């Protein structure tokens, strides 16, 4: 096992030397972070923490609010005048049509 690791290390060093010769010149960029910018980042992290625990009532009201059932649009049937859901067949007219086809 150690022999394989040594061979692979030697092979990888040879390949690295070949690729380094043909690669583009190395450019190093040094970026200096000034201490005030670190302080600003640290303050934003500290300020993101809530000061007090959220109460049970507020938590439950937030979780359960806004989930009411949506209102259904109810229209009058243009044929018989009874109430029906929008984009649905009138149940009264449907029963009449069904009765006629069954006879």
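Placed from the backbone N, Cα and C atoms, the Cβ positions cover glycine too.
Model, not experiment: these values are computed from the prediction.
So that you can see what the record holds, here are the features copied from Swiss-Prot:
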BINDING   77, 80, 90, 93  Zn(2+) binding site
TRANSIT   1-47  transit peptide
Most crowded position, judged by CB atoms within 10 A, among 77, 80, 90, 93 as binding-site residues: 90
Residue 80 (Zn(2+) binding site): secondary structure state under DSSP, collapsed to three categories: coil
Output field, Zn(2+) shell: CB within 8 Å of site CB centroid, site 77, 80, 90, 93 dropped: 78, 79, 81, 82, 84, 89, 91, 92, 94
DSSP three-state assignment (helix, strand or coil) for residue 93 (Zn(2+) binding site): helix
